[in-house]
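Listed features, source Swiss-Prot:
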DISULFID  Cys3-Cys22  disulfide bond
DISULFID  Cys15-Cys43  disulfide bond
DISULFID  Cys28-Cys32  disulfide bond
DISULFID  Cys47-Cys58  disulfide bond
DISULFID  Cys59-Cys64  disulfide bond
Amino acid sequence: TKCYKTGDRIISEACPPGQDLCYMKTWCDVFCGTRGRVIELGCTATCPTVKPHEQITCCSTDNCNPHPKMKQ
């Protein structure tokens with residue numbers, strides 16, 4: 001599976017063996033009012049457990065986790 005990953009910039013990379021799901025996790029930090037929600041993209045073996053005030057979306061096809069600003 002290939003997923004978008006966050007870092008210095010958003011890139012699409014092949015996931016490590018055993019990590020066949022892509023995810024997008026969003027949450028608010030102290031800058032949420034001015035910058036919006038923090039967005040983390042990556043690969044995972046299982047969909048992470050949602051903690052309070054987080055939103056997590058998991059999917060299983062190549063590059064199915066684009067940053068919201070990348071969507072057409």
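Cβ atoms here come from the backbone N, Cα and C positions, even for glycine.
Computed from a predicted structure; not experimentally measured.
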Greatest C-beta neighbour count within 10 angstroms, which of the disulfide-bonded residues Cys3, Cys58: Cys3
Which of these disulfide-bonded residues has the least crowded Cβ, counting other Cβ atoms within 10 Å: Cys15, Cys22, Cys28, Cys43, Cys64? Cys28
Note: among disulfide-bonded residues Cys32, Cys47, Cys59, least Cβ-dense neighbourhood at 10 Å is Cys32
Nearest of the disulfide-bonded residues (Cys32, Cys47, Cys59) to Cys22 (disulfide bond) - Cα to Cα: Cys59
By Cα-Cα distance, the member of disulfide-bonded residues Cys3, Cys32, Cys59 nearest Cys43 (disulfide bond): Cys3
Roughly how many Å separate the Cα of Cys47 (disulfide bond) from that of Cys59 (disulfide bond), to the nearest whole number? 9
Specify the nearest of the disulfide-bonded residues Cys28, Cys32, Cys64 to Cys58 (disulfide bond), where nearness means the distance between Cα atoms. Cys64
Spatial hits near Cys64 (disulfide bond) (Cα distance within 10 Å) out of the disulfide-bonded residues Cys15, Cys28, Cys32 come to none
Restricting to the disulfide-bonded residues Cys3, Cys28, Cys32, which ones have a CA within 10 Å of the CA of Cys15 (disulfide bond)? Cys3
The rounded CA-CA distance in Å from Cys28 (disulfide bond) to Cys3 (disulfide bond) is 23
List the Cα distance (Å, whole number) between Cys3 (disulfide bond) and Cys59 (disulfide bond). 10
